[in-house]
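Undergrad: The transmembrane segment feature in TrEMBL is assigned to 34-59. Annotation comment: TrEMBL describes 154-314, 368-428 as domain 'Alpha/beta hydrolase fold-3'. The feature active site is assigned by TrEMBL to SER234, ASP395, HIS425.
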Amino acid sequence: VAHQVMPIDRSINTTKYEKIVDKERSVAGKAKRAAIGCLLAYLAIAACILSMMLAAAIYRPLPSELGVTWKDRLRGRIFEPFTRLVYYYPSRLCPNALCMLHWTRLSIKSLTRLIGPWFDCHPDLLMETSEWDGVKALVYHPRKQSMAESDGAIVFFHGGGFAIGDIKMYESLTTAMAKQMSTRLFVSVEYRRVPETVFPGGLEDCEKILDFVIANGPEMYGIDPNKIVIMGDSAGGNIAAAITQRRKRRGAKPSILGQVLIYPFLQMSDLQSPSYHLWQREMEGLSFVDPLSVGFYSLWYAGVDVNAHPEYAKAATQNRHASKEVRTMTAKYMNYSLLPAEFRDDLKSSGEMPEPIKELSEHLTPFLTNPDFAPLMQPDLSHLPPALVITTQFDVLRDEGTLYAQRLNASGVPTQWTHYAHGFHGMLNLHNKLQIARDVIANITEWTMKLLRVSTA
């Protein structure tokens with residue numbers, strides 16, 4: 001009997017098989033996604049724990065008076081530890097001073113770019129990089145001369161301990177200042193830095209730019225050479241003060257119309273003033289300008305090889321770099337009794353003068369007593385240009401700026417001293433983040449433009 005073999009419908013079996021496989025794959029996929037989710041959750045928890053441990057490890061309380069607005073205080077408490085992680089701690093791991101310097105230059109320049117603003121332009125303000133008399137400068141001028149309120153000029157010298165800053169790092173600040181100060185010319189100078197070029201190389205570069213502006217500014221930009229205001233922060237304030245003194249000494253004409261000294265570095269003989277002691281009490285371990293950095297950079301400026309002798313920088317913070325004769329001379333100009341009473345809260349009894357390091361103090365004596373290097377050491381401050389001197393509470397340089405402003409005023413120089421009790425050294429570079437920094441720029445603008453208007457009248 002023949003049996004008829006029914007054909008097997010394989011499509012049905014295949015479909016069932018595929019459904020089973022798809023179901024297994026779906027279950028496996030869900031399990032895999034659940035596992036990945038659990039792993040990510042564990043990683044997130046671990047990251048949170050590590051972040052909290054890191055935050056606890058690096059936590060340092062900031063001075064309660066730092067910052068005016070709650071936003072300033074909040075941003076300061078975020079930015080300061082971040083700066084320590086990126087710049088301060090790594091620089092302390094460097095094997096020598098040169099490594100520390102190069103890391104500091106790189107990290108601070110990167111931080112400045114990160115902070116921004118990334119795009120900051122003005123349709124009526126032109127900006128260009130030029131080289132005048134062999135010195136690089138960032139030049140701002142209005143698209144049309146008639147757009148400027150004043151036919152004056154501003155020449156700005158950046159800070160950075162004579163070692164760190166440059167016109168690129170300061171571009172955000174100088175752009176903001178140039179936009180607010182409606183003059184026909186605003187120049188930011190790229191002077192040579194230490195240790196590649198020591199005193200007086202950077203000072204002479206700044207004088208070259210100033211002389212170029214005086215000689216060529218009227219024809220190139222339509223400025224009045226009698227209406228030039230020079231300004232600088234920190235080391236740049238030192239240069240601005242020194243230039244006004246040097247021009248007076250030489251009888252150079254035309255006279256500088258005004259000088260703006262922003263938390264200036266004015267002497268190096270005494271690194272034990274009350275403002276240095278305030279740093280020890282309130283700011284040690286934080287990323288603010290510290291005495292050791294002042295020692296390193298200023299010694300480099302004086303031609304001392306602190307890469308070979310890093311112990312000299314530490315000695316400078318103890319005033320062992322200055323001879324007893326120099327310290328006695330400096331005491332006339334760093335007279336703590338003339339400081340405001342609240343500044344003297346951190347005054348400590350100096351006791352006996354520490355024994356100076358002979359070879360170091362002998363090398364430094366001609367620098368420490370030279371007003372071109374240390375403008376505070378100038379005995380006669382009369383007949384200098386009107387001055388705006390800005391100091392901040394949380395700054396090792398607070399006292400010398402204060403005393404210089406007092407001496408200028410006592411010498412008959414029209415002087416406005418403005419102290420920011422909630423400010424800190426270097427805060428202008430955070431002008432787009434901090435209201436207090438914007439307030440300082442507004443103050444500088446108001447003083448400068450008023451001086452230019454009076455000179456026009």
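Using N, Cα and C of the backbone, Cβ positions are placed for all residues, glycine too.
Unlike curated records, TrEMBL annotations are generated automatically.
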Undergrad: Across all chains shown, how many C-beta atoms besides its own are within 10 angstroms of the C-beta of ASP395 (active site)?
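TA: Looking across every protein chain shown, the total is 25.
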Undergrad: For HIS425 (active site) and ASP395 (active site), what Cα-Cα distance in Å is obtained after rounding to a whole number?
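TA: So the Cα of ASP395 (active site) lies 5 Å away from that of HIS425 (active site).
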Undergrad: Go ahead and report the DSSP secondary structure tallies for the domain 'Alpha/beta hydrolase fold-3' (368-428): helix first, then strand, then coil.
TA: 19 helix, 18 strand, 24 coil
Undergrad: Can you tell which of SER234, HIS425 has the most other C-beta atoms within 10 Å, given these are the active-site residues?
TA: SER234
Undergrad: Would you kindly give the Cα-Cα distance separating SER234 (active site) and ASP395 (active site), rounded to the nearest Å?
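TA: So the Cα of SER234 (active site) lies 10 Å away from that of ASP395 (active site).
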Undergrad: Quick one: mean pLDDT on the domain 'Alpha/beta hydrolase fold-3' (368-428)?
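TA: A mean pLDDT of 97 is what the model gives the domain 'Alpha/beta hydrolase fold-3' (368-428).
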